[in-house]
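Data block below; observations after.
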Amino acid sequence: MNKEERAKRQSKIRNFSIIAHIDHGKSTLADRILEKTNALTQREMKAQLLDSMDLERERGITIKLNAVQLNYKAKDGEEYILHLIDTPGHVDFTYEVSRSLAACEGAILVVDAAQGIEAQTLANVYLALDNNLEILPVINKIDLPSADPERVRQEVEDVIGLDASEAVLASAKAGIGIEEILEQIVEKVPAPTGDSEEPLQCMIFDSLYDPYRGVIAYIRVVNGTVKVGDKVRMMATGKEFEVTEVGVFTPKTTQRDELTVGDVGFLAASIKNVGDTRVGDTITHAKRPAAEPLAGYRKLNPMVFCGLYPIDSARYNDLRDALEKLELNDSALEFEPETSQALGFGFRCGFLGLLHMEILQERIEREFKIDLITTAPSVIYKVFLTNGEDMIVDNPSNMPDPQTIDRVEEPFVKAAIMVPNDYVGAVMEICQGKRGTFIDMQYLDETRVTLTYEIPLSEIVYDFFDQLKSNTKGYASFDYELIGYKPSKLVKMDILLNSEQVDALSFIVHRDSAYDRGKVIVEKLKELIPRQQFEVPIQATIGNKVVARSTIKAMRKNVLAKCYGGDISRKRKLLDKQKEGKKRMKSVGSVEVPQEAFMAVLKMDDN
């Protein structure tokens with residue numbers, strides 16, 4: 001293509017993504033858009049086409065982002081090239097959203113006509129506004145009996161401040177309004193700016209590993225043109241590669257001769273090492289490099305840490321390979337090796353939140369067939385010592401001796417909870433129980449309220465979301481952002497089994513709730529640990545002080561069975577002999593802790 005053809009083509013490109021709260025119909029809308037633009041034959045079409053992971057289809061959520069190129073003939077008779085970049089809606093996957101938005105010029109904001117705006121919708125809209133995107137509101141599910149599109153339209157204007165007078169009323173399920181949406185994209189979303197003659201700049205917004213072709217980078221070309229055979233350089237690492245193929249997704253991978261300004265597609269260059277293509281990095285030509293990389297988006301810091309251990313310790317290296325492969329297209333995952341006396345060799349992993357952790361665990365168990373044990377999740381604490389030093393603790397077993405600690409600070413988040421009026425009391429109760437501080441309360445309309453609380457992250461990590469959902473019959477939605485560290489009265493609680501500390505069961509807890517927490521855990525472990533031949537005391541301790549204790553009674557044989565009638569001294573002798581044996585057993589015996597026990601410490605219900 002010459003310069004004029006490229007410029008003409010560029011003016012016909014529209015890059016957009018779809019943002020929405022979970023379950024507001026984003027993936028269904030994406031399916032309809034694919035159908036409308038004839039991206040697939042009827043035979044290939046299946047529901048939630050872009051959610052290609054089994055896990056995504058099962059849970060009905062989008063986890064990974066996906067990109068597709070579509071051709072659309074608009075009413076003005078011109079052919080347009082649309083790039084749809086699908087994004088997840090769940091709070092843990094916000095970084096996936098920020099990645100896709102960085103590659104777009106426009107965003108379709110899908111709002112459920114019955115439920116209205118939810119917490120995640122807002123969070124994603126603000127991300128889109130930060131990236132200067134053109135936002136097109138779409139009110140979806142208007143065919144529901146409970147739909148009230150006019151109220152929702154008003155809400156979009158009041159709460160977000162967008163002009164919703166031209167919002168499309170649609171039903172992705174019934175296929176209503178799809179054409180209007182496509183026309184609005186063509187009219188309102190700006191064409192990509194950039195120059196195909198400038199030095200090459202491509203932003204990597206995702207990548208995956210193919211055993212035959214090496215690493216495949218998903219890219220958005222911002223300036224310049226990239227062809228097969230070009231020598232390219234990664235600007236963050238400085239490594240150079242020769243491009244072996246470029247192409248686009250029409251959901252299937254389709255090879256092309258070149259990708260130019262505004263294109264969203266993939267690039268393979270027989271890159272063997274996963275670490276060479278960091279998401280957010282800029283690709284440029286080795287011979288004529290760009291002056292500076294694109295403003296990549298920031299690296300996300302994990303908020304929640306836990307240990308992952310293979311049940312079969314021989315599979316330690318397989319687990320490392322699995323984590324390395326997942327890290328490639330999950331830029332928020334971090335891991336480092338660690339060992340535990342109870343569990344052997346494993347990894348300390350950092351995640352964005354609990355859902356992120358759960359999904360990663362499930363992906364490892366499914367895709368790599370490795371059975372895992374996970375330890376209780378913890379957050380990063382700052383510990384200030386009496387000698388003036390300070391340290392960072394992300395693993396309870398690294399907590400220093402209580403006598404040497406001056407103060408401990410923990411991360412706090414600002415949580416915005418949107419909830420129907422009837423459940424305000426229930427939500428306030430949960431937040432207070434989680435050591436939350438009330439900040440603000442705003443009415444969105446007659447029926448819904450936004451509550452703002454400051455809550456320690458460690459309280460959210462456990463089961464905050466589950467409690468919120470179950471106490472509001474699933475109506476509450478919730479979004480949080482980190483606001484910094486504050487001092488708290490925190491202590492480390494250890495669990496001793498048969499007077500031996502089990503390091504994987506240690507956790508950090510607030511002093512006020514330590515006694516109750518210890519009691520519950522001790523009782524729970526008593527139910528879950530099988531009885532042994534000797535009695536096993538379970539103790540919860542803080543420093544040297546035992547705060548709760550329970551005992552698993554020993555199983556014992558009836559040694560008096562053979563002794564008919566007989567003298568009491570004879571029976572006494574047999575019983576004492578048994579006692580001696582049990583005592584000896586207790587001093588050498590070790591106790592196996594089942595996986596359920598670790599999980600029980602996790603899913604602590606305070607009620």
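Using N, Cα and C of the backbone, Cβ positions are placed for all residues, glycine too.
Features as listed in Swiss-Prot:
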DOMAIN    11-193  domain 'tr-type G'
BINDING   Asp23, His24, Gly25, Lys26, Ser27, Thr28, Asn140, Lys141, Ile142, Asp143  GTP binding site
Discussion item. Going by DSSP, is Ser27 (GTP binding site) sitting in a helix, a strand, or coil?
Written reply: helix
Worksheet item: Taking Ser27, Asn140 as the binding-site residues to compare, which has the smallest set of other Cβ atoms within 10 Å?
Response: Ser27
Practice prompt. Look up Ile142 (GTP binding site) in the DSSP assignment and report helix, strand or coil.
Written response: coil
